[in-house]
Amino acid sequence: MKLKLASLALGMTVAAAPAMADLVFPSLSYRTGPFAAGGIPFADGYADYFTLLNERDGGIGGELARVPECETAYNTEKGVECYEATKDDGALIYQPLSTGITYQLIPKVTADNIPMHTMGYGRTSAKNGKVFSHVFNYPANYWDGASAGVNHFLEQSGGSLEGKKITLLHFNGAYGREPIPTLEALAEKHGFDFNAIPIDYPGQEQKSQWLQIRRERPDFILFWGWGVMNQVAIQEAANIRFNMENFMGIWWSGSENDVKPAGMGADGYKSVQFHNVGSDFPVFDDIRKYVVDAGKAAGAGDQVGTVLYNRGVYAAFLAAEAAKQAQAANGVSEIDSGMMRDAMESLSITAETMEAAGLPNFGPEFTISCENHGGEGMAAIAQWNASTEEWSLISEFAPADASVVGPLIEADSAAYAAESNITPGCS
Amino acid sequence: MPDQLIFGMEVFLNGLMAGVLYALVALGFVLIYKASGIFNYAQGVMALFSALTLVGIMEGQVPFGHLINAIFGTEIHHFGWHVPAVLAILLTMGVMVLLAVCVQKFVFRHLVGQEPIILFMATIGLAYFLEGVGDIMWGSEIKKLEVGLPQGINTLIDETTYGWFGYGFFIDNLDLVATAIAILLVSALVIFAQYTKQGRAMRAVADDHQAALSVGVSLNFIWIMVWSVAGFVALVAGIMWGAKSGVQFSLSLIALKALPVLMLGGFTSIPGAIIGGLIIGVGEKMFEFAVGPLVGGATENWFAYVLALIFLVFRPQGLFGEKIIERV
């Protein structure tokens, strides 16, 4: 992997001068560090999709796509350095892949007029485009994820959560605490008892938390973890024989990495997802043919079809579609970051768009506007089958509870606007 | 019996078990520090490296497969065989001995007589080197470790305590195994140090390098031996922790759990590592149980380090550490 990284870095250096006309999609990846197992498949998927477009279609609208990688190791300072190092290279869009990096980049991308897409992470209230003009978090954010989880539990409980107990087991940091306001509001609305149990980084030892869960016997657990915390939590849940049907992780706690170490113990574990799972999509046949078999894959080619690889492909697909719409709207093939931002603000992803890209029903349909940078917050539930070692969607993509999530987003974005002296509005 | 007391007993027992796992990591630090005065920053990475090597050997993975394929355009990943766990553990131990020889030959032999801070920095370099080599050698994906260790609730304890208290205690089978292995390991280390020629030589080196050299003890051999034993301890810790979380990069972070244990138990005492581990394990779990809910939880890391700090203030050498008196 590190050799690949070195090759990519060399490639970047060599190719930098003559490739100024390329469409540049910097990849702030993390192939090293404690979270590398999650960062590598995403980065591979992101790069492989653009390689596919170059190899199969000759790029996007006749322009080759270039994906310079910069290693952040999931470290906020390094992430900001990567942004500063790559932004003058014609960067069209940033996907920083870290909530910490996102928070640091929000004022920077706004000042530099470069859009940032934080898909399923980052600042949730960035959905309000009237305040966060350059930040987009479609198709779903953490509050949508919390709502989707509760909606599923509601369905499991026959339409009522009255008197039930839901526990949020979460990373003890900004990311893990994100869903708490939503869950508190949902608890009030649906009449369930809610409590949150934090886990300190890195989360290799969770005995206290699971003993507490065993004593308190919650009906359902929602889980916001990342890295080794995920594998340990799922193993501990299996150890105390918690019913996996009632244990659900957010999308960052729902990949093959998280469930495989627990073996059959993880059978039935669920996760919220904002994109489809598995490799049964035409685009993957093309990726194998034009990218992997041609020796042009970003990684070893062994991640195709895994949850996090799919997420990388989906992120690249959404960026490529925005670039196409920017080209169409401006009647030019060479677009800049301002055009890209405007296109993202009017992005429309339909069933036809996904079908045409070889990704039928891969994600929800959604439309973006200035007022709404996050779409309808559609998410689906996936479940792990330990026998076949496969994730599969067990529900359709469904919208979040807008009556709860909407006011929270308004309140949080208004607070940000006040402290940053931003006058909300659409230009 | 009140519920809180029963729950507290369960938490106490689980704290003891967690403490044993912390002590397993701390032991590796103590061994090297005791014999050479080096605080081995790379001990956590050694646990990761040994566990990666164990899984790689068991699964018949070709070392440096990605590198070989990238350079030569080949597609080799596996030898096509699976190695039994016991044999794989022995082979991994061989790799750790080889690593000890290399560490001594290429790093520390050239640093004899240097300040402790220089030796410490060398171990930082070693940690990053091993991390990178482990990554390139075996890949960075999370690997399932299957060496036949039992996991999950111990039903005998569950049923027995249910009969006594009307509430079944949770004790993980893996923790019971880890405790048994830790007892065996510590007993073996004590017997080795007290009753074997090499063990006595190791203690002599620990007491006074120059004096040991003057009576014919080979410093080179002793240090290789100590690093090998620390490698074995790292392998045991890697297996125990790897069985819980899969073998992955984060295994190297288990060193964070060992630091307060060392501060409390002393850097030079094997019993100190054990007792320190148990105190930290029980202390942090009981504190989280009693105080955690009042302050929002996640107090364990904080408590462990604060407790260690308090011990440092009143007993800088730790509970069982040797008091250093330097005469001017």
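Just so you know, the numbers here start at 1 and follow the chain as drawn.
Placement of Cβ uses the backbone N, Cα and C atoms for every residue, glycine included.
Whatever TrEMBL says is automated annotation, not expert-curated.
Copied over from TrEMBL:
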type: TRANSMEM; residues: B:12-32; note: transmembrane segment
type: TRANSMEM; residues: B:39-58; note: transmembrane segment
type: TRANSMEM; residues: B:78-99; note: transmembrane segment
type: TRANSMEM; residues: B:111-130; note: transmembrane segment
type: TRANSMEM; residues: B:176-196; note: transmembrane segment
type: TRANSMEM; residues: B:217-241; note: transmembrane segment
type: TRANSMEM; residues: B:261-282; note: transmembrane segment
type: TRANSMEM; residues: B:294-314; note: transmembrane segment
- Query: So what's near the transmembrane segment (B:111-130) in sequence-distant terms, Cβ-Cβ under 8 Å and 6+ beyond its ends?
  - Reply: 36-42, 44-46, 48-49, 99, 103, 219, 252
- Query: Considering only Cβ pairs under 8 Å, which range in B:39-58, B:78-99, B:261-282, B:294-314 makes the most contacts with the transmembrane segment (B:217-241)?
  - Reply: B:39-58
- Residues of the same chain, at least six outside the transmembrane segment (B:294-314), with any C-beta under 8 angstroms of its C-beta? 256-257, 259-261, 263-264, 279-280, 283-285, 287-288
- Looking at B:12-32, B:78-99, B:176-196, B:261-282, which one has the highest count of Cβ pairs under 8 angstroms to the transmembrane segment (B:39-58)? B:78-99
- Item | Positions whose Cβ lies under 8 angstroms from the transmembrane segment (B:78-99), at least six residues beyond its ends | 46, 49-50, 53-54, 57-62, 65, 130, 146-148, 224, 227-228, 231-232, 234-235, 239
- Task: Using a Cβ cut-off of under 8 Å, list the residues of the same chain at least 6 residues beyond the transmembrane segment (B:261-282) that approach it.
- Result: 12, 15-27, 29-31, 33-34, 39, 182, 186, 189-190, 193, 206, 304, 307-309, 311-312, 317-322
